[in-house]
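Okay, structure first, notes after.
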Amino acid sequence: MDGDRGKRDSYWSTSPSGSTTKLASGWERSSKVDTWLLILSFTQWALSIATVIICIIISARQGYSTKEYSMTVEALNMSSREVKESLTSLIRQEVIARAVNIQSSVQTGIPVLLNKNSRDVIQMIDKSCSRQELTQLCESTIAVHHAEGIAPLEPHSFWRCPVGEPYLSSDPKISLLLGPSLLSGSTTISGCVRLPSLSIGEAIYAYSSNLITQGCADIGKSYQVLQLGYISLNSDMFPDLNPVVSHTYDINDNRKSCSVVATGTRGYQLCSMPTVDERTDYSSDGIEDLVLDVLDLKGSTKSHRYRNSEVDLDHPFSALYPSVGNGIATEGSLIFLGYGGLTTPLQGDTKCRTQGCQQVSQDTCNEALKITWLGGKQVVNVIIRVNDYLSERPKIRVTTIPITQNYLGAEGRLLKLGDRVYIYTRSSGWHSQLQIGVLDVSHPLTINWTPHEALSRPGNKECNWYNTCPKECISGVYTDAYPLSPDAANVATVTLYANTSRVNPTIMYSNTTNIINMLRIKDVQLEVAYTTISSCITHFGKGYCFHIIEINQKSLNTLQPMLFKTSIPKLCKAES
């Protein structure tokens, strides 16, 4: 303790400039005051004794009268008072000087030192957090997290019952849950918000959307807005998306087709930066630039731009885009789904169906991957792996999903739930039914698709809701689904419940053969765009889904994503 006191006194006796400041400790000040008071008391006692002795001597030896004696005593008392006042004044001046010194130090010196020390600590932490190996430790100090009990829905733990078997119930009918929506929008009447992408991580979520200031053409200059936030519970105990930080990327960069990942306390988005329209891109060799954006909860952002020569491609591509839907984080890498056109087509037999179809063969299916409207390029899906994503310059590697495992390449998303990776791809070709399955990301890439007969999407006349026979077409809409059971047989989705038109958005809970429970958002005439998202969570085992739909604001002729929420109608069937 004495050693600590010595260090402390030594520390506070030094000003920020390094000069010595003479500050007495509390103990030293108390000792000095006690010493002065002792001296004063002793002096008064000595004077009193001396006065009495002098008076006695004077009276005895000289026989002074009583009057003269009184005058002498009075003179001595006055002298004593003068000495007392002088000593008191001296002590008071010393104490006041010390008090002023202490007050100055408390009001000025100490705060300056504390501020300096605080800055030193902050700089030390920031410097440490810039080191890759300490990134996760530093991120964990930021106190932003989903509400207690909230986590991404994991099918293996959700699709079970304490007693009996789980199933989707048709009764009661699902309804929309109350709560606010804080999705980014436009500040202009003619502005158009497109291509929403949502990733729900263990701690935070990331949401991205594209804002075109005039009209909805994909090639128009646009802002990209990336939000990070957490999921809370409102007063009705329903989950809400609460944005914490948002960043708007330069309109002149024209980011398009962005996919997001939320992991740790950061959001990542991978975008294309096209300088030409889609058809022109497919007709030329090489891909448009890609950009990886990083945003953290402090609002700090970093971007990495990659040209064709800087991307490790397993085959030459004429066009390549992130798939709009979210990606995943796994084993030190970010993995995004992508799609694009190969410069030279791959050989092999793609997914096909010939039963019940006239004049159809495997060659029909193979040729259907080559889209005339896109310069006859073979359109495939790819895995875009961002390795060392915490480093100063992450590396991008692209691996093509074999055509033997896939349908026509298109937009889609990946979900890592438990130990499985689920894949959804938009039904852009002749295969109109929902395309969802389990993806093995090891080598070679394989997909175990779950056949769905009940769910489909609107398309053009040749490839409408009911089409199941192979032919060349490019149509459909992005209406992803979230797996509720491990085999992806039970899903939550938003479907445009129409044959050929993008109308009638309907929230559906379905198995492979039947639509079990559904809710029409408004009416069959409500127009939408081609992106609907469903992402689900649990709150202490209770399931909820967020649905984001691009609604056509008909009176303004613009598109705006809107957020809806439902409770999952899962029940447990009692054993007989």
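The backbone N, Cα and C atoms fix where each Cβ goes, and this holds for glycine too.
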Stated Swiss-Prot location of region 'Involved in neuraminidase activity', expressed as one of 254-259, 392-397: 254-259
Candidate annotated in Swiss-Prot as N-linked glycosylation site, out of ASN77, ASN448: ASN77
Residue among CYS161, CYS192 that, according to Swiss-Prot, closes a disulfide with CYS216: CYS192
Among ranges 10-14, 405-409, 410-414, 520-524, whichever one Swiss-Prot labels region 'Incorporation in virion': 10-14
Cross-link partner of CYS469 (disulfide, per Swiss-Prot) out of CYS271, CYS352, CYS357: CYS357
From ASN77, CYS192, CYS258, CYS536: recorded positions whose CA lies within 10 A of CYS463 (disulfide bond): none
Surrounding CB atoms that lie within 10 Å of the CB of ASN499 (N-linked glycosylation site), all protein chains: 15
Integer Å distance between the CA atoms belonging to CYS192 (disulfide bond) and ASN77 (N-linked glycosylation site): 98
Three-state secondary structure, which DSSP defines for ASN499 (N-linked glycosylation site): coil
DSSP-derived class (H/G/I helix, E/B strand, else coil) of CYS463 (disulfide bond): helix
